[in-house]
Amino acid sequence: MPSSISSSDAILAPTAPGVIAADGVAAPGASLFERPGFVRLTASDRPGVAQPVPERDIPPQPWGRILLGALLLFLALMAAWENQWRQFGAQPGYRNSNGAWAEQRRRIATGEGDRTVLIGSSRVLFDVQLDQWQAATGERPIQLALEGTTPVPVLEDLAADPAFTGRLLVGVAPDLFFSGFAYRGAAIKHYHQQGPSQRIGHWLSKHALEPYFAFYDPDFALPTVLERQPWWPLRPELRRHMDVRKLMVLGADRDTHLWSKVETDAQYRALAQSIWAQHFTGPPPPPMRTPEGRAALFGAQVDRAAKAVAVLRARGVPVVFVRPPSDGAYYAFEQAALPRAQTWDLLLQRTGAPGIHFEDHRALQGLELPEWSHLTHADARRFTTALAPLVVREFERQDHARQQAAATATAARTP
Amino acid sequence: MVFNSLTFIVFFACVLVLHHLPLGWTTKKVNLLIASYLFYAAWNPPFVILLWISTVVDWWAAKKLADAVEPHRRRAWMLLSVVVNLGMLGYFKYGGFLMENFTALMGAAGIGYQPPKLDIVLPVGISFYTFATLSYTLDVYLRRARPASNALDYALFVTFFPHLVAGPIMRPTELVPQFATPRQATGDQLRFGLALMVLGLFQKVVLADGFLAPAAEAVYDNAAVVPGTLDAWMGTLAFSGQIFCDFAGYSTTAIGAAMCLGFAMPDNFRFPYAAVGFSDFWRRWHITLSAWLRDYLYIPLGGNRHGVSRTYFALMATMLLGGLWHGASWTFVVWGGLHGLYLAGERMLRARWGHWRPGPFALFLLGLLTYTLINVTWVFFRAQDFGQAWSVLRGMAGANGAAEPILDTPALTMVALIVAGLVIAHWLMRTSTLESMLARRHPVPLAAALGGMAFAIAATQGAGNAFIYFQF
């Protein structure tokens, strides 16, 4: 008699707990592996039959009081954790998540494709202040720079997007731009594949958590904090590699500046410097160990950039490269490992795009970079105020040249 | 959407409120059905159509085959269901894999075939709901169950969001009857369901994603890395812990979510790392999948009732297909094949030494041996290709002598502590259930553990990583 799935009378199999062979015959020696005390049968104990409605036990405990106790403990621990990070100097702020990047990137597809867009690595992210840019130019740009990441994939992504018709500033941090390293490369994929639940999750995070909790920063995540405790012994022969600690404070539209702790806390600043210094010693990554390998790698990145720039300029998008300042040991490393002639000059030559190098402009020099790579918040404002007119002038030159070329072409076609 | 996301918290709160409003039972079921479609569509809205196709085809096929009298008609309706379901699964999951292999085969024959570019996105959970709906028509065909009498109940069975995308793979007889009468969680069900959800999310967010995944990734995600003995073992042990905490975490959260709504779902794990032998392992690991494969593949292939050779054939075929179910790659087939060989070897040993009764110490050693051999299979499951699998296996065997160290002391310590804790907990609870253990504890440590786990989840700040089994 078949059982009906509208009732729960379908138990046709042996129900005794114990080891059952794969098709229902007790296995030889089954008693060896019997599980006395097993209080709940599963499908693995009932072969070849329609499975009955499962039964779930509720352990006889005062669950109301247990949950209340758990909630109180949770709240106490969270309060202590939040206080710990506020004491450390952190304030609630926005997360530099892939969702935040995707939100800004989406503006291009939703009616703001004619805006000025900033791409690059952390130097453009930290050093270009959107308020100052807006004050200098009348326009608030879209900030799409990604820390620790070459802008070449973003450049290619924008080149492939016909909705983008604005103006483009491309930041160049030599060790990232020309090596192709993309710590945040997943952000682009995230933008293209972001589903509704991820968009809602980002919105909830941005509005319900980020503005209120200082602990809610990836740098203060429990596994990260545990891992970087100083008391762990060093494994022999393993070079200790420290990850970058919190350096930035992010605004709602990714307007970002250097965290004040880096400026005011000498110990924290020294830590940030020592993290950069890890790259200045030891052998470079394999493709950069020989002059030929280096040249090939730099050439490949420049070619990718040139191809993308050509597509953008054909669409009427003016492009300007910007090399923000660096200082101290970081600058010395860049001079030695990525000399300007082999990188920056090559980039401008092959792309045919104009470039603004801080070494060429007095107004972009003499600024304070506490950890050699990023400007203080105050100097980032000064830098932006000086940079914006230079960039706009280059944009306008390209616009003018394009208009002239169009006029010439029209005149040539006129009989 | 994933359970470990802010979106799910809001979604689940809305579902709970709706489910506890004084509405009619049919209205509540419609609410649950719509919520389940929203839950699925939140990933990729167009793929809801596949769910609808699967639901409608199996509903009609089962109805028709139940009404049919002639065997060939019954078989035809059953085959329609099988072909449509496996056809969709085959296209989305194995289309690219088949094309790659066909191209390689042509290349081996000297034919330079250029395949069309297949850019197929795998609909999340397709393997799970395909197996769930297939079991419905097959049970009706095998006369184990009558078809559901209510289309709404059947659609809700297919789509019910706690089990939809990663199981436990439920049979219609387990869930459809629960929709027949009004269900609402009692106070204790609601509270215990929430406690289970905290436990499940702790496993996923803190243990799997927070502490174990980085170590497994350091060893397995860089093809250029050649691990030494310690790193190869610790990377693999990390993955063994990660995949358990990830998947058991999903199942526990799903069971808890269903319980909060007043529904019961079956166990999917039963302390698998305390298994003694491989048949025991498969009765403890992803129980609803292994039972599905046994009932709808191994037994129809002949099981152990048609002689020794047929038994071994059925065993190997089941495990190889089970491997392929996990992913369209030959490494998964090898993973399944190794488990098939283990099961066959165990069957032979039992036939020879079935009378032997091991003492507690021997039993523990056998359990340790089982766990060790299972870790060997995880290498093929996790490796990106055979080259990497051999490299890790060589490392585990101590043959990568000059390898540079990979994992630092914190990672090694965390993996050792968590995996040892996991295996010891499984061993201590191997003849018990979570509920019977909880029943014996004082409420204060239970509250402290729950509060601590909730804090760890919040402090870990999980990035909403997808569950590993979503890709299968």
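Start at 1 and count along the chain as shown; that gives each residue its number.
Including glycine, each Cβ sits where the backbone N, Cα and C put it.
If you look up TrEMBL, you'll see B:6-25 (among others) marked as transmembrane segment. Packing against the transmembrane segment (B:6-25) from elsewhere in the chain are residues 31-32, 35, 38-39, 42, 181-182, 184, 257, 260-262, 464: each is 6 or more residues past its ends and has a CB under 8 Å from a CB in it.
Sequence annotations record features per position, and here TrEMBL assigns transmembrane segment to B:37-62 (among others).
The feature transmembrane segment is assigned by TrEMBL to B:74-92 (among others).
Annotated transmembrane segment per TrEMBL: B:120-142 (among others), in sequence order.
Residues annotated as transmembrane segment in TrEMBL: B:243-265 (among others).
The transmembrane segment annotation in TrEMBL covers B:312-338 (among others).
The annotation transmembrane segment is assigned in TrEMBL to B:359-381 (among others).
Under the heading transmembrane segment, TrEMBL lists B:411-429 (among others).
Positions annotated as transmembrane segment by TrEMBL: B:450-470 (among others). Under 8 Å from some Cβ of the transmembrane segment (B:450-470) lie the Cβ atoms of residues 2-6, 124-125, 165-167, 195, 198-199, 201-202, 204-206, 209-210, 213, 242-243, 246-247, 249-250, all in the same chain and six or more residues away from its ends.
It is B:120-142 that, among the stretches B:37-62, B:120-142, B:243-265, B:359-381, B:411-429, forms the most Cβ pairs under 8 Å with the transmembrane segment (B:74-92). Here the transmembrane segment (B:120-142) has Cβ contacts under 8 Å with residues 40, 43-44, 47, 50-51, 54-55, 58, 61-62, 65-66, 74-75, 77-78, 81-82, 85-86, 88-89, 91-93, 95-96, 148, 154, 157-159, 163-167, 169-173, 289, 292, 295-296, 325, 466, 470-472 of the same chain, all six or more residues outside its ends. Cβ atoms under 8 Å from those of the transmembrane segment (B:411-429) belong to residues 207, 211-212, 214-215, 218, 230, 234, 237-238, 240-241, 244-245, 271-274, 364, 367, 371, 437 of the same chain, restricted to positions at least 6 beyond its ends. Using a Cβ-Cβ cut-off under 8 Å and counting only residues 6 or more beyond its ends in the same chain, the transmembrane segment (B:243-265) has close neighbours at 3, 12, 15-16, 19, 32, 160-163, 166-168, 170, 174-175, 178, 183-186, 189-190, 192-205, 207-209, 212, 272-273, 286, 378, 381-382, 422, 467-469.
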